[in-house]
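Comments concern the structure below.
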Amino acid sequence: MTTIVSVRRNGHVVIAGDGQATLGNTVMKGNVKKVRRLYNDKVIAGFAGGTADAFTLFELFERKLEMHQGHLVKAAVELAKDWRTDRMLRKLEALLAVADENASLIITGNGDVVQPENDLIAIGSGGPYAQAAARALLENTDMGARDIAEKALDIAGDICIYTNHFHTIEELPSKA
């Protein structure tokens, strides 16, 4: 699978992801970019799960952002509704972590839109490791959001066999 982590701290929000794509137990590619900017660079998003499914979801989410003039929560709820009710979309297997200057959200195929505690998101196979590392760093250091996300990904990459050390990182200024 993968690891995606999002951290919000001191006026910055970051989403970072590794680059490993696997097919079964074989590494197919090591430099996949699973994090990208959407909606005129005002939203950042990362995915965990099937690559083709995730790109479909990115496209659908960007359409929802355009329909709702960039309102992250409304776009996320509308995507989750469609994802839950549309037969074709229900077959897509991916999770999205999305953020703008105000909010960080997880969007799931079950129709869930979750705003996590402490604006910390970690999804994918290495998510629990990245979340534990990022939480410890948030609570015990003065490190910035980008440094925390990078270190959390490094730790997840050392532990999770489906996570590598090729990182893609996107960052936005944050009001939250």
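Heads up, the Cβ atoms here are built off N, Cα and C, so glycines get one too.
If you check Swiss-Prot, you get these features:
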ACT_SITE  Thr2  active site
BINDING   Gly157, Cys160, Thr163  Na(+) binding site
Quick note, Thr163 (Na(+) binding site) and Thr2 (active site): C-alpha atoms separated, nearest Å, by 5
Mapped DSSP class for Cys160 (Na(+) binding site), helix or strand or coil = coil
Rounded Cα distance in angstrom between Thr2 (active site) and Cys160 (Na(+) binding site) is 9
Residues flanking the Na(+) site, with Cβ no more than 8 Å from the Cβ centroid of Gly157, Cys160, Thr163 and excluding those residues themselves | Thr3, Asp18, Gln20, Ser125, Gly126, Tyr129, Leu153, Ala156, Asp158, Ile159, Ile161, Tyr162, Asn164, His165
Counting across all protein chains, other CB atoms within 10 angstroms of the CB of Thr2 (active site) number 29
Ten-angstrom check, please: count other Cβ atoms within 10 Å of the Cβ of Cys160 (Na(+) binding site), all chains counted.
-> 21
